[in-house]
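Asker: Let me begin by handing over the structure; questions about it come next.
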DNA sequence: TACTGACCTA
């Protein structure tokens, strides 16, 4: 920089002020760029040491803004405290600094002090302080601010109005929120989004959708914020609503992750697992980088569909791209592996976790439970207790069902006892289902039935369903009929229950009743669900029906199946032909004799994978007795671990033994 | 005179 030469002493002061102006301009320029802390500290010292600048309000404001942006509201406060005069602008900056850094209590204090010292809040102050009220759900102050805004005729101003809607929404006062919303002469997308958020956060999902539809009809295009606001309302919703959300998603920019996340979660929570996975793959290809929320939303669908290769790819992504530990993600990984039948991988994730919550423990316990590994489930439950974690209602559901899957009658009773006596948890419907299942599987049909009769709430179809299956296993026709009667009322279109009752009659030789059931099914047009088995190979899922001959490799599959059946017959397999078969209609008989889908799927997997590789099958019905025996033998002769997931449990076949202990 | 702004994912 050139030295300033002073020729005329009379111009001295003007030179100084020019220099000061230059310095000030430079500092302002630097401050406006939001410098890092180091530069910021330097600039700050220059300002303080400068005789003309240290009390300059506009510089102080810029300085405060910069400190706030660096996440230092405490230093902002020091600058604020040193200023001799406070007007509304500098107070606004101070309050905003607090609010933007989540120091809501301090923001509110500052606001109150400013009011006390005669500072007038304005249209900058209201939106900001309302955000603090929302975050603290301080409805008293919220109301006061509403009154001040009315006095200043600012309550209908766009930003203040939006803040009021949000504040009332958070505080649960939807009447007020709606009133402000309706009275605003000009609304923008944030007004609509805030109204949507208010309704959906308070469980008023229909109204949330209504506002969304209203904004669309008024020509206001929903944005990713709309999706986020609607988010609580999209779980377990109607097909119509799902379609609506899908359409607004298709019609908006795809660069914001929240929109994708809400879509994936919506599919996941509406039993549309394959849609969730498809959208996720699309996101990988052309969307924003998935974050922890994306991952926690897409892993459950992976588990549902047993999409292990995708699940593993996501696990790698988690390890390379996400910042761990993240409880939600790790818990979701455990559950995904468990649902894919990979208990060891689930356990690996579990053991690696630095912090575990009750969900982590519960996921692992129920993973063992569903596989019939009652001992492991019990052990984890006591270890969880030893870690000082309190089991919640769901933890008891998983340990109770673990006991029932493993036939641990007394242990199950004890857990139930401690749940009510020690942990003071009120038994819910799910616990009764578990208990009925536990007693029923152990052959205590009467006791199970009595439990149902003494339930404090109305039993649902799952409770009666547990009783009916028990009656099927233990040939109890009388109680079976009672259970079936209730089920035909509660779930008249579930073909499974008709089939169960029909089988109960067949076992008892009551063929007239079997015919009766069959004619009822015909009359009501209830069709048996055909058995389907899925097996994942590479990136594809291959599906087999009973007697399926549509697969390209079908000849090879049947040939290999014959060879395999021959081999297992040599070591003792006797095909189990049901005794009731002789009295079954011809068509039915044929159905029972065709090769079941799980056998086809297993042979297919065997042909197409390396020896020793684990085979995983998912089935939409329960595995039949004959297949169960056959698969045990197959696991022995081929030295393969075979995991079959049926509708309510896992069978891990290894070396001729199944993890269910033939108890299912 | 100066200060930005708000709604939201599990």
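Easy rule for this one: first residue shown is 1, then count along the chain.
For all residues, glycine too, the Cβ spot is worked out from N, Cα and C.
Feature table excerpt (TrEMBL):
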REPEAT    A:87-121  repeat 'PPR'
REPEAT    A:188-222  repeat 'PPR'
REPEAT    A:256-290  repeat 'PPR'
REPEAT    A:326-356  repeat 'PPR'
REPEAT    A:357-391  repeat 'PPR'
DOMAIN    A:572-664  domain 'DYW'
Asker: Can you tell me which parts of the same chain pack against the repeat 'PPR' (A:87-121), counting only residues 6+ beyond its ends and a CB-CB cutoff under 8 A?
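Answerer: Tertiary neighbours of the repeat 'PPR' (A:87-121) are 57, 60-61, 64-65, 67-68, 71, 73, 76-77, 80, 128-129, 131-133, 135-136, 138, 141, 145, 148, 152.
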Asker: Please spell out the DSSP helix, strand and coil residue counts for the repeat 'PPR' (A:87-121).
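Answerer: Helix (H, G, I), strand (E, B), coil: 26 helix, 0 strand, 9 coil.
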Asker: Over the repeat 'PPR' (A:87-121), what is the model's mean pLDDT?
Answerer: 93
Asker: With helix taken as DSSP H, G or I, strand as E or B and everything else coil, how many residues of the repeat 'PPR' (A:326-356) land in each class?
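Answerer: Its residues fall into 23 helix, 0 strand, 8 coil.
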